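Report on one structure; see the data block that follows.
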Ligand SMILES: C[S@@+](CC[C@H](N)C(=O)[O-])C[C@H]1O[C@@H](n2cnc3c(N)ncnc32)[C@H](O)[C@@H]1O
């Protein structure tokens, strides 16, 4: 029998099942996209991101509509129905197409015994419309623990954070300052018919009115600009880079900030970029190559200094630690499904360990910038507090900026629906001997 490719809704259901089982969209979407003809790929991507974004809302509805949960081996059909509900509630797709094609996808997934159930649930959903969300987890479409933690951490901002997380992030560029001024690049964009504005806080940032494929960006392949959120770009101003310095980017992949560092100061002595992930490190080299920049790359656990360090201390260290990524949920909505409350304490301990290790290889008079894309103080403010308690000679540098909020140890940016992601920065200096 000829090979029948799966309908894209069935592929989407398999992707969501993989996310529920712990894989990120970045991991499981590319192979899924390859199963489909090119014209269906954008739709698959939109459905997978959208269903993750609204997962907890849709799940709330689906659970109300199902008399009992499906058996574990049929779980993929649960995800298939979430995909269909996403399309009914959040897309322009014609209802009859969603209903008919979802039933067909159910058959293609080899679950013919569930087509009646799928049909019944979706017909009722269409007839009755979306139910009132039963709780804040459904209303804001986030896991219960995240809603509660945000409410506790940000009593005045939690709803705004949850709302911002559900919006699509803008596409923001970092102009390669070694090649173009921001004004020059804005002109190139205008000539290419791409509407854009300078970012408010990052000196080389440009925010596009609408996302475009990178191939449409002027000089992209030749290193004229990179895609990077405005908050992430702020690291270079905080590092206060000067010619001749030896700089370490301790958690570097995929290299957005390594490249920003090299573009911000063309005459650094050396930039060393470390990442422990063999899978992610090559992405740093790809970015460096496209931008025609040079750094020394090392695959290592940065905290295990003896395994990689040559003994020469660093003038500047950027420590962009692994974190909950709760500041970038709008770009990675699968975080809502992947992250567990129990992840935060182990992450905080890794973060403090990395900070202690990096401090030991910072030159007297040198500067360390601690960064996360988290909005939880446990990974931000409190790490710096804990560190300062044990390192009383470490000097906290106040960040004099018009972005974010002052947390006494650093500055916290919350995700802004109109501009930057959620981020935290703290700046520490080691006194001269
Ligand atoms: C937030 S991401 C870094 C993003 C990067 N700085 C950028 O701007 O493109 C954190 C990175 O830390 C890496 N990582 C986690 N633990 C590490 C460790 N102990 N040593 C070095 N890298 C680590 C992860 O593989 C991941 O690539």
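Cβ atoms are placed via backbone N, Cα and C, with glycine included.
TrEMBL names 251, 252, 253, 254, 255, 256, 257, 301, 320 for binding S-adenosyl-L-methionine. Of 229, 275, 343, the residue it gives for the same site is 275. DSSP assigns residue 255 (S-adenosyl-L-methionine binding site) to coil in the three-state reduction, placing it in neither a helix nor a strand. A Cα-Cα distance of 15 Å separates residue 255 (S-adenosyl-L-methionine binding site) from residue 373 (active site, nucleophile). The Cβ of residue 255 (S-adenosyl-L-methionine binding site) has 27 neighbouring Cβ atoms from other residues within 10 Å, across all protein chains displayed. Taken as a whole, the domain 'SAM-dependent MTase RsmB/NOP-type' (161-431) shows an average pLDDT of 98 in this prediction.
Here residue 251 (S-adenosyl-L-methionine binding site) comes close to 274, 275, 276, 302, 319, 320, 321, 322, 354: these same-chain residues lie at least six apart in sequence, with C-beta atoms under 8 angstroms from its C-beta. Using a 10 Å radius centred on the Cβ of residue 253 (S-adenosyl-L-methionine binding site) and all shown protein chains, the other Cβ atoms total 24. Ranked by how many other Cβ atoms sit within 10 Å of their Cβ, the recorded positions 257, 301, 373 place 301 at the bottom.
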